[in-house]
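Q: Starting off with a structure, shown below.
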Amino acid sequence: MTAWQKIQKIAPAAIGACLFVLSIGAINSELHHYGWQNVLASFQGIVKTRLAGAFALMLINYIILTGYDTLAMFYLGQSLPLTKTSFVGFVSYAISNSVGLALLSGSAIRYRLYQSWQVSAPIIAQAIAFCNLSFWVGLLTVGGITFVVDPLQLPAFLHLPFLSVHPIGFTFLAIIGIYLLITGNLIKPFKIGQWQTPKIPFAVSLAQIGLTAVDWILASGILYVLLPGHHHLSFPGFFGIYLLAQVAGIISNVPGGLGVFETVVLFLLTPKYSSVQVLGALLAYRVIYYWIPLGSASLSLGAFELLQHRRERRQKSGSESE
């Protein structure tokens with residue numbers, strides 16, 4: 001392995017680690033300034049109806065998330081029951097959202113579960129690729145429209161060649177435009193190195209976009225309802241901030257975007273809200289959107305493995321008695 005290959009291998013993890021440290025430092029500075037007690041008081045002061053609303057949105061959101069695997073199996077012509085594809089979708093997303101390296105962790109969970117139901121390895125690989133593609137297709141579409149229609153202004157100290165996310169939005173939409181032209185058979189698929197554009201029906205592509213759009217709207221709605229007094233900021237204005245923060249968290253590869261996501265949200269929302277209010281809402285959001293589903297999914301996966309182990313033991317003892 002050459003020196004350049006070694007750098008390419010460790011660079012993403014190193015960048016993610018640096019972003020994590022810097023983000024935690026920024027949050028720690030805010031906590032030191034305002035105090036943990038004030039943040040916890042702000043968390044406890046969130047109206048119960050808002051907490052209930054956020055919890056309801058989380059439940060609906062994770063139901064929507066199961067649609068990725070259901071759509072993947074439909075596209076691949078597999079006849080797995082809805083209960084199984086929904087179980088795979090919930091467990092894989094609830095765990096990968098929190099542990100980070102979503103491509104690796106989510107793929108490993110999908111492989112384990114689908115393999116236990118005798119789904120072939122090539123089909124599993126295609127399902128994994130389809131789910132990951134759906135995520136990015138939806139993100140680029142929703143992000144592109146949001147950044148073009150309601151462009152978020154970027155702080156001057158970043159010294160970027162543009163002052164708003166407008167160019168990012170147009171870039172996102174250009175990529176999606178090419179994708180839809182390919183799936184609509186208006187231009188031929190092409191290859192970039194070993195990668196070839198997938199042959200997905202146009203209707204399925206639209207379903208990918210619709211599914212992911214609902215997913216992102218619901219996920220952002222969880223944090224939005226936890227913020228006090230929405231007269232400060234409209235939902236469309238907040239949505240752009242949420243998307244930008246999530247993209248930063250995804251790029252960092254930090255588990256659940258921990259620290260990176262919060263830092264971006266904190267920085268962009270503090271002109272509208274106090275830091276204590278934002279940190280309190282972020283704490284509630286992480287508990288509701290990440291920790292509760294993570295706990296439920298971990299228990300569900302553990303129960304599944306236990307049942308599988310018992311079933312295999314019964315089958316083994318039955319074959320030996322024969």
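Positions of Cβ are set from backbone N, Cα and C atoms, glycine also.
If you look up Swiss-Prot, you'll see 7-27, 54-74, 87-107, 128-148, 162-182, 209-229, 249-269, 287-307 marked as transmembrane segment.
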Q: Counting Cβ pairs under 8 Å to the transmembrane segment (287-307), which of 87-107, 128-148, 162-182, 209-229 comes out on top?
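A: By the under-8 Å Cβ criterion, the transmembrane segment (287-307) pairs most with 87-107.
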Q: Check the transmembrane segment (87-107) against each of 54-74, 128-148, 162-182, 209-229 and return whichever range has the most CB pairs under 8 Å.
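A: Ranking 54-74, 128-148, 162-182, 209-229 by Cβ pairs under 8 Å to the transmembrane segment (87-107) puts 54-74 first.
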Q: Grab the same-chain neighbours of the transmembrane segment (209-229) for me: Cβ-Cβ under 8 Å, and only residues 6 or more beyond its ends, written as numbers and ranges.
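A: Non-local partners: 46, 50-51, 53-54, 57-58, 60-61, 64-65, 67-68, 71, 134-135, 137-139, 141-142, 176, 235, 238-239, 242-243, 265, 269, 273, 277-278, 281-282, 284-285, 288-289.
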